[in-house]
Each structure stands twice: as C-alpha cells, then as structure tokens.
Amino acid sequence: MVLGLAQYGVIDLHLHLDGSLSPAWMIEWAKKQAVNLPASTAEALTAYVSVPQDCSDLNEYLRCFDLPLSLLQTPEALSSAVTDLIQRLDQDGLVYAEIRFAPQLHTQRSMSQEDAVKAALRGLQAGLASTSLFKANLILCCMRAADNRSANLETICLAKQYLTKYEAGVVAIDLAGAEGLFATQHFQQEFDFANQRGVPFTIHAGEAAGPESVQQALDFGATRIGHGIRAIESETVMKQLIDKRTPLEMCPCSNLQTKTVAQLADYPLRTFLMRGVVATLNTDNMTVSQTCIQQEYRLLAEQYQLSISEAKQLLLNSIAAAFLSNEDKKALLAHIQQRYPQLI
C-alpha cells in the first residue's frame, strides 16, 4: 500500500529551485566559482543546507537558503541548476513540475533580473531536451521585504514579457518569503500591477500567518495559494476556496518543519479533500526539507493513512491546478494514463 501510494508522486507544482539544489551539484559549482563551502562531501554539506530537527519556525527555515543562493549568481550556474533539477525529477519518475525562483535574488554579482530569467529558461530547455518529462515550467517569485517594490514590479514585467501559454517557459508569478514579518496586505500594488497585465499568480499564504492572509490573496485574485494551511481556521475563507475552486499547494514535510502544524494528525488535508477544496501535494524544497514528491505521499501513507482514492484525487487536483492550457492538461492526463496506467 505504501509503495503504491508513493507512485502517485509524479507532479510537483510547488518546488523552489534554491531549496532543491543537490549537494553534489553545489560542491561541483562551488569549485568552478571558487566559493568556499563549510564541508567537502555531499553528506557533510547536507547538514548546512537542510533544516535542523529542532527548527523553530519559517524564519529559521528560510536561513537554509543563503548558501545555495550564493552559488546561483552567474548565468552558467543558474542554467546548470535548472537542468540538473529537471534531470533529477525525471530520474524520480515525474512527468510535470513547476519550478519557482526569485530573479531579484540572483543579482548579487553582475546578472540583471532578465539575465537570470534567460539563464533559467536556457536551463529549462536543456533539461527538457534530455529527459522524458511531459513538460516543466517556471514561476517567477516576487519577495516579501520592506523596500523592494521596484524589484517586484520588475519581476512582474519580466513575467509578462516571457509569459507562455503553449511552450515550456514562464507561466506565473508568486510572492514568497517571510510571511510572518511582511504581511500579504502590503503587496496589493504588485498584484494590481499583475492583474492589469494579465499575469496569473499564486501567493504563499496561510503558512506563517493566519486565514486573513489567505483571504487577502483571494481578494488580490490569486489563481492558487501556496500552502494555505490556516484557511481551515476560517469558515468564510474555506467557503471561498471551495466556491472559487482555488487550489492549495500543500507541502506536508515542510509544514511540519516550520511548525505550521505541530503534528501530522493535525494536518487539514483530509478535511480539505472531504469538503471539496482543490488540495495538491508538493515538496516545497527537496534539499532543505530532505524530501521528494514520492516521500510526501509515503509520509502521508505511513503516518496519515492516506487512501488510494485520496492519492488519486490529489493527482487529479494537481493536473487541474497546473498553470497549463486546457489542451495541455488533457495531454498531461493522457501522458500519465499511458505511462502510469495503474494510477488513473
């Protein structure tokens, strides 16, 4: 049963590039860029780029990203990282993924935000050309900070410039970062700007802040919600999620580590599914959380008694929630049915 449910892990819609670099890749590219690392082996390095068992909250969790980001400041490194991630996803048997990153975090040296987007797109195309994935796409993250509105607006302009509907490429924007420190309500200007330009978006909300953050994201017009766990605390928000069919990108391992939920028994996934919320299952950060999409399903099978019907619903929800055209969603379903006929 457990192995069977792990097989449902073939789509990941909430996957951060900088939180999913392999230690082996980091060692290779640290040498190429003359960056000193705190450890010389992949096993030893993992301790520095993954969350500790006693992680206190999301803010501590986010500190694990400093080292990986330091290695992603050249076009060559950024392209290679995207390609490497896609190849690892392919080895894990995935068929579709949406990889997200914040262009503004890759400008510490000489790259512009547009340079970063172009580099990631090159890596995306190279990765897809060398794998059997149905497709992969990119989501550009705006960041929660006190004084970076101009950088966020630039990210949105780039998303509009490179937005694609049918070819693999940029499909949406996101708002990521320390939700508890920088409330969602302060970013209305960014999402008004995105709406005016027809750029779809997901927003991290209801992770380190309460249901009011999810409400704000819905009011802004979010197509999806990243995490959204604390929506369960408000019947008003729950009803909107159900009525609007707004998908939630849920990431159990990460949510446990950031103390969004104290224990898996408290996880609201089953309630969401039973009430008709379009919940999906994702990894968040493969390296920081030491997980993969199959591990997320395995965890829920072993400790949450996830059923086959629930696993199947999560997979169907992921197809429906993907930033894909309706034609591509039908093609993705057909691809899964042909490649993994036992799943659907």
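For all residues, glycine too, the Cβ spot is worked out from N, Cα and C.
Taken straight from Swiss-Prot:
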| type | residues | note |
| --- | --- | --- |
| BINDING | His14, His16, His204, Asp284 | Zn(2+) binding site |
| BINDING | His16, Asp18, Gly177 | substrate binding site |
| ACT_SITE | Glu207 | active site, proton donor |
| SITE | His227 | site 'Important for catalytic activity' |
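Structure coloured by features recorded in Swiss-Prot.
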residue	record	CB count, 10 Å
His14	Zn(2+) binding site	28
His16	Zn(2+) binding site	26
Asp18	substrate binding site	26
Gly177	substrate binding site	21
His204	Zn(2+) binding site	28
Glu207	active site, proton donor	22
His227	site 'Important for catalytic activity'	27
Asp284	Zn(2+) binding site	28
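The recorded positions shown are Gly177, Glu207, His227; of these, the one with its CA atom nearest the CA of His14 (Zn(2+) binding site) is His227. His227 (site 'Important for catalytic activity') has His204 as its nearest neighbour among the binding-site residues His16, Asp18, His204, Asp284, going by CA to CA distance. Other than His16, Asp18, Gly177, the residues of this chain whose Cβ falls within 8 Å of the Cβ centroid of the substrate site are, in sequence order, Leu17, Gly19, Leu62, Phe65, Arg100, Phe101, Ala102, Leu105, Cys141, Ala176, Asn285. Note: the CA-CA distance between Glu207 (active site, proton donor) and Asp18 (substrate binding site) rounds to 19 Å. Residues Leu15, Gly19, Arg100, Ala176, Gly226, His227, Glu249, Cys251, Ser254, Asn282, Asn285 surround the recorded Zn(2+) site, their Cβ atoms falling within 8 Å of the Cβ centroid of His14, His16, His204, Asp284, which are themselves excluded. In three-state terms derived from DSSP, His204 (Zn(2+) binding site) belongs to an extended strand segment. On a Cα basis, His204 (Zn(2+) binding site) lies 16 Å away from Asp18 (substrate binding site). Reduced to three states, the DSSP call for His227 (site 'Important for catalytic activity') is strand.
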